[in-house]
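In what follows, a single structure is set out as structure tokens and then discussed.
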Amino acid sequence: MGLLLLVPLLLLPGSYGLPFYNGFYYSNSANDQNLGNGHGKDLLNGVKLVVETPEETLFTYQGASVILPCRYRYEPALVSPRRVRVKWWKLSENGAPEKDVLVAIGLRHRSFGDYQGRVHLRQDKEHDVSLEIQDLRLEDYGRYRCEVIDGLEDESGLVELELRGVVFPYQSPNGRYQFNFHEGQQVCAEQAAVVASFEQLFRAWEEGLDWCNAGWLQDATVQYPIMLPRQPCGGPGLAPGVRSYGPRHRRLHRYDVFCFATALKGRVYYLEHPEKLTLTEAREACQEDDATIAKVGQLFAAWKFHGLDRCDAGWLADGSVRYPVVHPHPNCGPPEPGVRSFGFPDPQSRLYGVYCYRQH
């Protein structure tokens, strides 16, 4: 029986007449001894390929490295080693297309798109095809599939990756309910964040998030979390929970947006300065301190993960003025921890300091 030649789609321009299976074109060829395993369909004769991945969700941080575990084995075990093909890809979520991450045959591999230069297979031990992702980005969280292909036999497993982070509501300087879905995506990105998923909002509600303005989520639904039922928020008779308006038109309907930011690689700090500053002066002061003016998502992450606690209102990059409170302070607003907001004052006013961000 001829050996099976397996080549990624993008590497074989003349392959349109070949059978397509599991993201690859297959060709019966005896000419390439390096890519075949020499067994063909023998694997079907009483031997089962098993792929093992963890059932629990993996949690990590933006900028970190993480290993997505994946191992395979044969039942019953085989004496002679076999060369397999491995494919990792990120599953579709909320209408986004699937993303190829990496394909490998033996020691040869190829990564794709934004994953190039950031991913590789561990392969430290026999039958270990775990994927390492370096310099994690906000958009990397989600579900990944590990597929092992031996001839025409294939098995796969799922690994779910979640980033630890903080959800915060974001409102336009022009008031509530100003963003369509795409504008919500843009403003979250401008604040070092992404649009939050329902799971992230629900987890934030479990931790105490209470917000009465409805906002976009990643799946284009509009929802809001309520801990203390009250009249403007669905009425006092409803139980606490996450209220939903359901799916809304991505271009026509307008709401606020819930953003999600993860822990920082750098540091947010209140700049000690002899004078209060205008917004322009605040930006320049951070630059003079070898830093940049902090974004809203960075301030929330510093409050959540680094315990930033300061009762001084300061400018942020979007022109808002905020300050983070972890412990109650006299003359510092409500006793509950949170990031307080002064809204969007006149950029020329000299009433505030500034929060800066410096990368490590």
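Every residue, even glycine, has its Cβ placed from backbone N, Cα and C.
Given the structure is predicted, the values throughout are model-derived calculations rather than measurements.
The disulfide entry in Swiss-Prot for Cys188 points, among Cys146, Cys212, Cys233, Cys259, to Cys259. Per Swiss-Prot, the residue from Cys212, Cys286 that shares a disulphide bond with Cys233 is Cys212. Look at Cys233 (disulfide bond): DSSP puts it in a helix. Taking the domain 'Link 1' (166-261) as a whole, pLDDT averages 95 in the prediction. Cβ neighbour count for Cys356 (disulfide bond) (all protein chains, 10 Å cutoff from its Cβ): 27. Counting other Cβ atoms within 10 Å of each Cβ, the lowest count among the disulfide-bonded residues Cys286, Cys332 belongs to Cys332. When the C-alpha distances from Cys212 (disulfide bond) to the disulfide-bonded residues Cys70, Cys146, Cys259, Cys332, Cys356 are tabulated, the minimum falls on Cys259. If you take the Cα of Cys188 (disulfide bond) and the Cα of Cys146 (disulfide bond), they are about 31 angstrom apart, rounded to a whole number.
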